[in-house]
Amino acid sequence: KSTSCMEAGSYCGSTTRICCGYCAYSASKNVCDYPSN
């Protein structure tokens with residue numbers, strides 16, 4: 001199945017699509033980010 005995910009830098013939250021990486025929470029805003037490896 002094809003999954004639609006949000007790229008890094010996109011706003012993430014309970015009402016948004018799943019991030020391609022993960023949702024990075026901060027005090028000002030929550031944005032999608034990729035794991036650093």
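Heads up, the Cβ atoms here are built off N, Cα and C, so glycines get one too.
Secondary structure at C20 (disulfide bond), taken from DSSP and collapsed to helix, strand or coil, is coil. With a cut-off of 8 Å between CB atoms and residues at least 6 apart in sequence, the same chain places C5, M6, E7, A8, C32, Y34 near C20 (disulfide bond), listed in sequence order. Taken from Swiss-Prot, the feature disulfide bond applies to C5-C20 (among others).
Long-range C-beta contacts of C23 (disulfide bond), restricted to its own chain and to partners at least six residues apart, with a cutoff below 8 Å, comprise C12, G13, N30, V31, C32, D33. Per Swiss-Prot, disulfide bond is recorded for C12-C23 (among others).
Remark: C19 (disulfide bond) has C5, M6, A8, S10, C12, C32, D33 as non-local neighbours, by Cβ distance under 8 Å and separation of at least 6 in sequence. Per Swiss-Prot, disulfide bond is recorded for C19-C32 (among others), and the stated evidence type is similarity to another entry.
Of the listed disulfide-bonded residues, namely C5, C12, C32, the sparsest Cβ surroundings within 10 Å are found at C5.
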